[in-house]
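Residues or ranges marked as domain 'Heme-copper oxidase subunit III family profile' by TrEMBL: 5-286. Annotated transmembrane segment per TrEMBL: 47-64, 85-107, 156-176, 188-209, 221-245, 265-285, in sequence order.
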Amino acid sequence: MAGNVNHDYHILEPDIWPFVGSLSAVTFTSGLVLNMHPDTFGSSGSIIMWAGLAGLIATFFMWFKNIVVEAQRGDHTPVVQLHMRYGMILFIASEVMFFVGWFWSFFDFALFPTPLTVTDAGTAEQMTTSLFGQAGATATLVPQGMEVLDAFSLPLLNTLILLCSGTTVTWAHHSLIHGDRDGLKKGLWATIALGVLFSAIQAYEYSIAPFNFGQNTYSSAFYMATGFHGFHVLIGTLFLAVCLFRTYKGHFTPRQHFGFEAAAWYWHFVDVVWLFLFIAVYVWGGWGAAVH
């Protein structure tokens, strides 16, 4: 197709998936909010949330399918690839601001605690601690008597896992650049396995957490920040799985492999965000509190 045009740009054909993706995103986020209030909306929030997520996953894979088809038939000229790089950079920049919002809310809760908190019974009571906790105690956001997860057990293990995954995806990238397809496959398999392991450990961590989502400001900020990061890890793992599939199909070459490069950028972004989450939420946020 690239040889039938007199310019370097790829003109996209009409497609329904951008509309489906936008509608699914609205459905998913609306269902997520409704699911946070089961006493008011019942199980409808959960149904709406999962329906939206199914639409997002379908859009995700159809978008990948279209991108792969375009790349294989030669539509991704150097100019198109350059603009795709700009697009990926802007996408990651928007994701950075997304997490800035979560960090902002977390530090706002920590540095300027509200005078009231909600107990398990659903009643408001005075907070027994502020940022500085009891007199002379180390700064803490966590209310007195509340237990938190030990930052230096499972969270530290997950930190090491993600750092290792950043190394393995870099190994895969260098193998691709040097034409070592065996090293590329091994690096991708290792990175995907580490991503799945991270998600499994985080799911187990949630199952044993001594606090629930709506218990207080710390617990809400904890689940929102780490939960959305966990969602990004799942997306990144799927991204890399598609790259692994394409590797076995022989789609990537040392000179043309933007699909893999974008996945690697995204994975490194996920790694860096987790380091900040680990330090701010797990270590600093729970410092001085009782450990579960």
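Cβ atoms here come from the backbone N, Cα and C positions, even for glycine.
Within the chain, the transmembrane segment (221-245) has long-range Cβ neighbours (under 8 A, six or more residues past its boundaries) at 60, 64, 95, 98-99, 102-103, 105-106, 109, 169, 185, 188-189, 191-192, 195-196, 198-199, 202, 206, 211, 213, 252, 259-260, 262-263, 266-267, 270, 273-274, 277, 281, 285. Residues 221, 224-225, 228-229, 232, 258, 261-262, 265-266, 269, 273, 276, 280-281, 285 of the same chain sit 6 or more residues outside the transmembrane segment (85-107) yet have a Cβ under 8 Å from a Cβ within it. By the Cβ criterion (under 8 Å, sequence separation of 6 or more), the transmembrane segment (156-176) is in contact with the transmembrane segment (265-285), since 3+ such pairs are found. Counting same-chain residues at least six beyond the ends of the transmembrane segment (47-64), those with a Cβ under 8 angstroms from any Cβ of the stretch are 17, 20-21, 23-32, 34-35, 235, 238, 242.
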